Amino acid sequence: MSGNTFGTLFKVTTFGESHGLALGAIVDGCPPGIELCEADLQRDLDLRKPGTSKHTTQRREADEVKIMSGVFEGKTTGTPIGLIIENTDQRSKDYGNIADTFRPAHADYTYDQKYGFRDYRGGGRSSARETAMRVAAGAIAKKYLKQQFGIEIQGFLSQLGPIKLEVKDLSQVYDNSFFSPDPDAIPELEEYMTALRREGDSVGAKITVIAKNVMPGLGAPVFDRLDADIAKAIMSINAVKGVEIGDGFDVVEQKGSQHRDEMTPEGFLSNHAGGVLGGISSGQDIVVHMALKPTSSITIPGKSIDRAGNPIEVITKGRHDPCVGIRATPIAEAMLAITIIDHLLRHRAQNADVVCSTPIINGQA
């Protein structure tokens, strides 16, 4: 299986399955000299880990990361950083009934068609459990970006099913299990999710993630556009079916006079473009939205086929998230951070000596 590595200079390779012995990652290309320990990664992992809320999967994993290489005397050496998280709460017997059947709208069928063989336990490699290693790698990227360049990345839940959330207080996003920017909406979210779980159904969600203080100049024209790589990074997350940069699909209804981000000596007057112009960062906030589908692992019977092509009825057992978007915020932050650090290192490698006489204007006046 190829396709397990992301990045050009800052490369992240992940490995492992949902019910395997462990998950792992190799982070290659990390700059040397960064103070780094497991605690730097554990905060983000604790935000993502399962079993922390009644509204997410009840699989309980400590997700304690071990740094195996690439750090000496508390600092990165510039060599590959090896990361491992052991799986400790697998319950593979829950999946025996799908060994020869396919859950509708799941990766079961396509993995079988591609490889002729699949690890059906918890979805194997297609499980969102894989994203734990992205979060660990992303925490390294986030620390470097903040320490060296003041770049900060903040995500939050912007919609759960029909409930759209206002951005009232971003400081409380990490203090509630929904990553809600509106503390007043939490009772409504809890009531909705409780009813959904009783129904045995699932629902989709929308996550917004913003990168602040990104310098202008990251990205390249045509095939290495910053927004194109952001879209690829976000689309690689399990269950993501749509990505928007800035105003996204809303631009269809806008006129040029509305959409253009006019400039003054004091700064940009708007940020409809989401911080990227011509595939290159403008110095404004990079604003990304992602839409996650409802998980197909539900207890409501659904039609499907078995490996012989016979019609069957599927009821998914096991422990699953009724809304995968609830735990997706740290994953989105990680993938945006990994993309930005990779482009920053690439930009520095080619353009470190570039001198531009045009002043850098503020992100927004």
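Here the Cβ of each residue, glycine as well, is placed from N, Cα and C on the backbone.
As the structure is a computational prediction, the values presented were derived from the model and not from experiment.
Now, the feature entries from Swiss-Prot:
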- Arg48: NADP(+) binding site (BINDING)
- Arg125, Ser126, Ser127, Asn238, Ala239, Gly278, Lys293, Pro294, Thr295, Ser296, Ser297, Arg319: FMN binding site (BINDING)
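Here the features listed in Swiss-Prot are painted onto the structure.
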residue : record               : Cβ neighbours (10 Å)
Arg48   : NADP(+) binding site : 23
Arg125  : FMN binding site     : 19
Ser127  : FMN binding site     : 19
Ala239  : FMN binding site     : 21
Lys293  : FMN binding site     : 17
Thr295  : FMN binding site     : 24
Ser297  : FMN binding site     : 22
Q) Between Thr295 (FMN binding site) and the residue listed as 'NADP(+) binding site', what C-alpha distance do you get in Å? A) 17
**Q.** Distance, Arg48 (NADP(+) binding site) to Arg125 (FMN binding site) (CA atoms, angstrom)
**A.** 18
Q: Specify the secondary structure state of Arg48 (NADP(+) binding site) as given by DSSP, simplified to three classes.
A: helix
